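Asker: Look at TrEMBL and you will find Glu22, Ser203, Ser342 tagged as active site. As annotated by TrEMBL, ATP binding site applies to Lys150, 195-197, 203-204, 233-241, 330-331. Annotated Mg(2+) 1 binding site per TrEMBL: Asp318, Glu331, in sequence order. Per TrEMBL, Mg(2+) 2 binding site is recorded for Glu331, Asn333. The domain 'ATP-grasp' feature in TrEMBL is assigned to 154-364.
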Amino acid sequence: MSEHSTQRKPRVAVVFGGRSSEHAVSCVTAGSVLSAIDRSKYEVIPIGITQDGRWVLEEDRPERLAITDGRLPSVEPSNQLVALSNDPTVRELIVQEPGAVPKTLGEVDVVFPLLHGPYGEDGTIQGLLELAGVPYVGSGVLASALCMDKEYMKRVFASHGLPVVPWVAVRPREWERDADAVLRRVQEELEPPVFVKPSRLGSSIGISKVSSWEELRAAIEAAREHDPKVLVEQGITPVREIECGVLEAEDGTPEASVPAEIRVRGDHQFYDFQAKYLDDSTDLDVPADLDEATTREVRRLAVAAFEAMSCEGLARVDFFLAPDGTLLVNEINTMPGFTPYSMYPLMWQASGVDYPTLVDRLIQAALRRRNSLLR
């Protein structure tokens, strides 16, 4: 008798951690999601990925994944290694312990990949799950990869007529071959202040503000410690940072939440990692104090950005609002944070979708959807 013939609860594998520098953020997100999943409706299997890339079976203890006394959580090595079956007709999770016969955790119905940054949010785990034939929450391979790379994300936005901030991409070979030529090109195309960012990271890791060109070389080198490819963006001052959540309805139509605004206080020059996760220097206005016309335009552009990138399931779209009222699409996150401080669930809460319902809708959408490469 098959598992499905016994009408068991759908089995959800929550995957978190990973090899990127956003490992800890992923763990915090997972703690929140694990706490919110309706256990009367789903069977849950927590799977952690260590910082060196090992998949391990985790204890189902969401409280362990919280930030406590400034300590960031992590996935620790374990003897219980986990692997997906390479037979897509089975979709089983296999546990292997040293000296023991491999055992199965049963068939997985959906994976909730709460991985941020490279080796997870960038299309890599999505490709693995496509090969394994396992449905998953969120965007497919192409959208995930494009949205992870800030340069190509902006190129797609621009090709669809969406307003973006001027930028210059600094590719590894260009910098290594002639850094001075790159510096000259940036200075010709942009003007201070500029923001220097790793091209394929999130959570504001490795970002610096450059107010004079004398600081540019050091800022690029600092960003290259996180990603050999760097993006230099035109700074806008003063600027308001606006965000909007997008969520697919049951029929697949993308819907936009109420917009929200981030206001950073104190010594932070922008919304950096410290302000996001480790202190209370940030005010989150949900909903944002915007006039009706601007609110409508934010929501319209959020859905347009979601569709331009062929996203699925969910995304958070970030905007800059210039003093003259111009809206610029900054970036899109295909797996936005679900921490207690995260904008995405707060915006949907203000839009009438509470946290447990939001998590449930995402899982149900993944269960309905065939793997994106086969659609």
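Quick reminder: no glycine exception, Cβ is built from N, Cα and C everywhere.
Worth saying up front: this structure is predicted, and the values here are computed from it rather than measured.
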Asker: Just to verify a number: CA distance, Lys150 (ATP binding site) to Glu22 (active site), in angstrom, no decimals.
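Answerer: Between the Cα atoms of Lys150 (ATP binding site) and Glu22 (active site), the distance comes to 16 Å.
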Asker: Please report the DSSP secondary structure of Lys197 (ATP binding site), reduced to three states.
Answerer: strand
Asker: Do you know offhand how many angstrom separate Ser342 (active site) and Glu331 (Mg(2+) 1 binding site) by C-alpha?
Answerer: 16
Asker: Once the DSSP letters are reduced so that anything not helix or strand counts as coil, what is Ile236 (ATP binding site)?
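Answerer: In three-state terms, Ile236 (ATP binding site) counts as coil.
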Asker: What's the CA-CA gap between Asn333 (Mg(2+) 2 binding site) and Val239 (ATP binding site) in angstrom, rounded?
Answerer: 20
Asker: Using the alpha carbons only, what distance in Å do you get between Asn330 (ATP binding site) and Asp318 (Mg(2+) 1 binding site) once rounded?
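Answerer: Taking the Cα atoms only, Asn330 (ATP binding site) lies 5 Å from Asp318 (Mg(2+) 1 binding site).
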Asker: Going along the chain, which residues six or more apart from Glu233 (ATP binding site) have their CB under 8 A from its CB?
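Answerer: Sequence-distant Cβ neighbours: Val165, Pro166, Trp167, Leu190, Val194, Phe195, Val196, Lys197.
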Asker: Which whole-number mean pLDDT does the model give the domain 'ATP-grasp' (154-364)?
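Answerer: A mean pLDDT of 91 is what the model gives the domain 'ATP-grasp' (154-364).
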Asker: If you measure Val239 (ATP binding site) to Asp318 (Mg(2+) 1 binding site) at Cα, how many Å is it?
Answerer: 13
Asker: How many other Cβ atoms sit within 10 Å of the Cβ of Ile236 (ATP binding site)?
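Answerer: So the Cβ neighbour count for Ile236 (ATP binding site) comes to 17.
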Asker: If you count Cβ atoms within 10 Å of each one, which of the recorded positions Glu22, Asp318, Glu331 comes out on top?
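Answerer: When each Cβ's neighbours within 10 Å are tallied, Glu22 leads.
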Asker: Rounded to a whole angstrom, what is the C-alpha distance between Ile236 (ATP binding site) and Asp318 (Mg(2+) 1 binding site)?
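Answerer: Per the Cα atoms, Ile236 (ATP binding site) and Asp318 (Mg(2+) 1 binding site) stand 14 Å apart.
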Asker: Run through the Cβ atoms and count how many others sit within 10 Å of the one on Lys150 (ATP binding site).
Answerer: 23
Asker: Between Asp318 (Mg(2+) 1 binding site) and Glu22 (active site), find the distance joining the two CA atoms and give it rounded to the nearest Å.
Answerer: 19
